[in-house]
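Data block below; observations after.
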Amino acid sequence: MQWLRCCSFCAACRVRSCTDTTGDLRIPASFCGVLCFRPSQGVVSTLGTLPNSHSLDTIGWLARDPHILSRVGDALLPAAACGLKGKRQLVFADDCFELLKIPNQKTVDVIENAVRTLPYGFQPPKHINIGQYISSNVPSLKEFCEPSTKLQEGKSALKALCTVMLLLQRYEFKANHEDWVNTVKPKLGLEVSTRVLQAVNFTDDNIKSLYIVRTEWRAALKNLLKDTGILVLPTMAGHPLKRNSKQRLSSEFEDKMYAFVSIAALSGCCQATVPLGNHNDHPISISFVAAHGSDKFLLRAILDMYSAIQKQIVLASKLALPPVIDRDVDTSELLKEKGNNSFKRKQWSKAIEFYSGAIKLNDTNATYYCNRAAAYLELGRFKQAEADCDQALLLDKKNVKAYLRRGTAKESVLSYQEALQDFRHALALEPQNRTALAAEKRLQKHLR
C-alpha cells in the first residue's frame, strides 16, 4: 500500500519524499514510471521518522522532472567533498539484465546509445557479471550461499546478498518494534502480518556475520566503482499484479526483485531510478548506483544523461524487436552438454552436478532427468535413477530412454516384474529396440 500512496501522490505534485528500506521507494517508482533517488545510507537525517531497520533506512524522493530530483538533492545533501576527477564510466551488470524478459534494445542499448551521443564526460562502458564479482569479493557471504555449480555461483551470491538484507531488516525491526507488536497486537493485512511475525520470531544466531557482509560489500562496491564508476542494473524484473488481483507475487519474482534492491540497500550506496518508457504496456526503468557518499555526483550524471536517454527511448520504441531469448534455457542447455561430456569421460558425479544445475534452471525438460538417471545408474544409485525416470515420464510419457533406464534400475534391485513392464512399454513405442528386446528375454527367464 505504501507503494501506491507514494506514487499516486507524486502524480499530483512535483516531488514526494518517503523512507526506503528494502525498495519501498524504488519499486513503486519503477512500477509507475517516475524518477526516484535513494541517497547513501546515513547521509540524509532520518530524525522524526519511525525506524524500520536503521542499517538500511534512508529518506529518498520521487519526481517527474530530473531537475527537481537534482534540486532536492542540492537542498538535502551535504556539499560534495571535491570536484569530479576524470571521466565517468558506466558499468553494466550483464547477469542482472539476463534475468529480464525485456529486450536489451529497450534497456542496455538505450543507455549505451545515449552516452555515445554525449560530447564529453563518459568513458566507454564496461560490462561485468556482478554476481560473480560479489562471490569473489565478499568472502563472508559464502555461509549464506546455497550449494551451486561454478556456473551458478553468481546467481547464488545475488540470492545470498538478498537473504542477508532481509535477515538484517528482521533483526533490526525486532529490536525496534517487538515490544509494541507483542503489547498492541496490531491487526495487519495477511502479507504484512506474515513479514512482521517473521521479524518478531527471528533468532539472532548469525548477527555478526550479517554486519560483516554489509561492511565487505560496501568496500567491494567502492573498489569496483571508485570515484567515477556508475553501476547500471535493472530496477525490477517484471511488472506488478493488476489492481485487486487475488494472486500473489511469485517467489521467483520476489527473489529477483530483492536481489536487485539489495545491491544498493545492503551496501548503503546511492541509487537513482530512471524510467525507460514502456514494454508490453507496462512501465520499465533502469537504475544507476554510485559509491557511498557519491550522491551529488550521481545526480549530476543523471541530469547530464537524461535528455539523451529520452531521445533513445523514442528511437527504441520504433524498432522491430526480436523475441526475447530465455537465457535460463540457454544456460541449462549448456549445463546439459557439460554433463554429457562428463558422462562420456565416465565422470559420473560431475555429470550429475551439471544435470542438476540444468534441472534447477529448467525443471520441465524430461531429457535432463533422464540423463541424470543414467549417471545415477552408473554409480549404483538405483532409487535416485528410478525417481528421475518417474519425473521424466511425467513430463514426457513417450520417453523411451526413461522406460529403459527405469527398467534397468528395477531389474538391479530384483524387481523383475516391474522391470519387465517398463521394457515392454519401451517396446510398445519402439518395437525393434534391441536393449528392450534383450531385457524382455532375460527377465522372462528370471520369472519362469
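A Cβ is built for glycine as well, from the same backbone N, Cα and C atoms used for every other residue.
The model shown is predicted, which means the values in this text are computed figures rather than measured ones.
What TrEMBL says about this one:
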- 18-65: domain 'Amidase' (DOMAIN)
- 179-299: domain 'Amidase' (DOMAIN)
- 332-365: repeat 'TPR' (REPEAT)
- 366-399: repeat 'TPR' (REPEAT)
- 400-433: repeat 'TPR' (REPEAT)
Same-chain Cβ contacts of the repeat 'TPR' (366-399) under 8 Å, 6 or more residues past its ends? 332, 336, 339-340, 343, 346, 348-349, 351-352, 355-356, 358-359, 405-406, 408-410, 412-413, 429
The correct DSSP tally for the repeat 'TPR' (332-365) reads 27 helix, 0 strand, 7 coil
For the domain 'Amidase' (179-299), how many residues does DSSP put in helix, in strand and in coil? 58 helix, 25 strand, 38 coil
Any residues 6+ beyond the ends of the repeat 'TPR' (400-433) with a Cβ under 8 Å from its own? 366, 369-370, 373-374, 376-377, 380, 382-383, 385-386, 389-390, 392-393, 439-440, 443-444, 446-447
